[in-house]
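Take a look at the structure set out below.
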């Protein structure tokens, strides 16, 4: 897989336009406080009252931060679409659904806590935590495969929206994958990142180079 290069002192040509990608994790859902696996499974929860308030706070922050042409993209899952609708309304733009911004499929772990999965599928969970090439029980997508999917999204967005500011509403593991891709870090780095609901992460793309500007920014929620 061709990776973006982390920016260096030998940076991209000055004439290359920079695409700013602002990644917004969706607001809290009823599953979030209990830290339950919530992927592409059938539950597809919407925002809780707290999550809706977080989306409104993120929208106010986005209005202040975003300048110039703005594109708002979202995962097709309900919690992201509800978050994106609030932000897009504040910005006065429309929302485009991008399938590849979806969360991982957690298979039989969907809706369960780590403790419950450890009790039901101890060997599968241990293997998943050891290797980025192992998918959750009943799922077909590993962290490595997610990193490939998100890497394609990053390259396509920087080419399709040169010089623009793009806001993408997505999920915890895709955001981690965007960061790992930008830093050329392995998928195992996902376990070393903590990401809060409605947190903002910013990555800039210039040519083939990427710069992580901020990560897990929750200042707008205080």
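Going from the start of the chain as shown, residues are counted 1 onward.
Glycine residues also receive a Cβ, built from the backbone N, Cα and C atoms like all the rest.
Curation plays no part in TrEMBL annotations; they are all automatic predictions.
As recorded in TrEMBL:
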| type | residues | note |
| --- | --- | --- |
| ACT_SITE | 26 | active site, tele-phosphohistidine intermediate |
| ACT_SITE | 103 | active site, proton donor/acceptor |
| BINDING | 40, 41, 79 | substrate binding site |
| REGION | 29-54 | region 'Disordered' |
Query: Least buried of the active-site residues 26, 103, going by other Cβ atoms within 10 Å?
result: 103
- prompt: Could you give the Cα-Cα distance between residue 79 (substrate binding site) and residue 26 (active site, tele-phosphohistidine intermediate), in whole Å?
  reply: 6
Message: Between C-alpha atoms, which of these recorded positions comes nearest to the residue listed as 'active site, tele-phosphohistidine intermediate': 40, 41, 103?
response: 103
- request: May I ask which residues of the same chain, at least 6 positions away in sequence, place their Cβ under 8 angstroms from the Cβ of residue 40 (substrate binding site)?
  value: 77, 102, 103, 104, 105, 106
- prompt: Which of 41, 79 (the binding-site residues) has the most other Cβ atoms within 10 Å?
  reply: 79
Field: 8 Å Cβ shell about 40, 41, 79 centroid, substrate site members excluded
entry: 38, 39, 42, 43, 44, 45, 77, 78, 102, 103, 110
